[in-house]
Amino acid sequence: MARQGRLRGRQFGGPAWTGYLTGVGVLMLVGVVAYLCVGAALAPRQAIDRTQHTLALLSEVRGELADAQRGEQTFAFTADEHYLQPYTDAAAQLPASLAALRGSVGDGAAQQATVDALDAAATGAVQDLGRAVTMIRTNGAVGVSPVVLGTAGTELLANARQHLDVLQGEQIAQLRAQQQRAADETATATAAVVGAALLGFLLLTARAWWSARSTTVPAASVDAAPSVVADELWHAPLRVLLAEDEQVNQQVAQFMLGKLGHRVDTVANGLEAVQALRTTEYDVVLMDVQMPVLDGLDATRLIRADLPADRQPHIIAMTASVRVEDRTACRAAGMNDYLSKPIRCPELTAALTPLLLTGSDEPAAEAESPVAGADRGADIRARMADISDGEPTGAERQLLARLLTSFNRRMPGGIDELAGHITAGDVTAVQHQAHALKGSATNIGVTGLAHLFAEVEANARVGHLPAGPDTVRAIRAEFGLTAPVCEDIAHQLATTG
């Protein structure tokens, strides 16, 4: 009898069994909706990754053309093969960069035609520079016409840069549309999941009510746990103006802002920042303090004086200085907040979050400047984790690898330029160049080299230059130890998923 009673209790269609099936069905409904919606929300991210990769390739080609021209011109004046290395490296790497760009830019006929024109101009410019190098090697710099030395490849380089500007403008517009579409997809997915959950809740509630109404035996009292739905605050991406003159620093900041879902435009000096704000409204400006043409402090003063109150952006200073007087100067110029270089993703997020949640212009807490560690590889890997927020996608790993490769390629020329300023006794140029090199090194976690540049910068600020060659030798030696580490980490990033 007891066994028969248990079987009757489990009969299909009994109240307990029906309630169980209803609950399972509701859970399956919510799960399927969540799965489909999450997949739909993640799909636009792949397009965003591809566009960001294309922008990085455009920056790479632009840098290689600049390196080729710089190497040829320096060689023309010195006739020293050592200074020709940037041209040699750029000429070797340019075909692969153009091929990668062609595969990444898209299949549209107009875009491919622009890439064809860019390829022809860039290749022709490098060939013109190569012919000038051959003439100098054969006849010597004195035996070559100054017109040839000064104009080799100039017209084709200008043409190539115009095509790069066109492609970059198209990709930036495409990226903005993709980021907005991703935000819309996320909002739609969230609404669908919440709707499915509410429907499930109503079905379960209706089933419980029907069971209580139809049974003749009083059910045991059950205290229902309250259902709490945490509404996730959604926001549109911020429109950010990045004012930064160093290319590596630009790429790092663009990478972080893109990963946070914000739209970013980039300018290379304070004057360009002022001009951009006159034509476009931005939510926030990330303003480097030391820039050519017009520095960040003067640019901020102009912005505060020039723009009406309803168009004033939130301005965040970015500088490697940790001196209290420098921070005070930023506040006095009209900046709202302050970030220490190298910029870290958690600190950048903390600075931007108040603008997303409340639109507040209250300054965020100031972050401590990092202290370099002794392990070069550990420092660089930690910085890569900071930049990527610890979980880079495949496309982001490729971008990080390119950052390290670009650093290795550009740093020797930067050190040569610093050494030249030291030899010439130009204190101001030494200070500016050491500051720029320090920023590039710090931004990818090369802390030992950054500290050496910081010492040179600090001494130059008070009018002191290295007395002998030991400082430059130490810098070259440290770079010689660091470059293989960067190369190894770049290879690991590029070849592992």
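The first residue you see is number 1, and the count goes up from there.
Glycine is treated like the rest: Cβ placed from N, Cα and C.
Helix, strand and coil counts under DSSP for the domain 'Response regulatory' (239-356) come to 59 helix, 25 strand, 34 coil. Annotated domain 'Response regulatory' per TrEMBL: 239-356, in sequence order.
Per TrEMBL, the feature domain 'HPt' maps to 396-489.
Around D288 (4-aspartylphosphate), a 10 Å sphere centred on its CB holds 26 further CB atoms from the protein chains shown. The annotation 4-aspartylphosphate is assigned in TrEMBL to D288.
Positions annotated as phosphohistidine by TrEMBL: H435. Non-local contacts of H435 (phosphohistidine) by the CB criterion (under 8 A, 6+ apart in sequence, same chain) comprise Q290, A320, F453, E457. In the three-state DSSP assignment, the secondary structure recorded for H435 (phosphohistidine) is helix.
Annotation source TrEMBL lists transmembrane segment at 20-43 (among others).
If you look up TrEMBL, you'll see 186-210 (among others) marked as transmembrane segment.
In terms of DSSP helix, strand and coil, the domain 'HPt' (396-489) has 81 helix, 0 strand, 13 coil.
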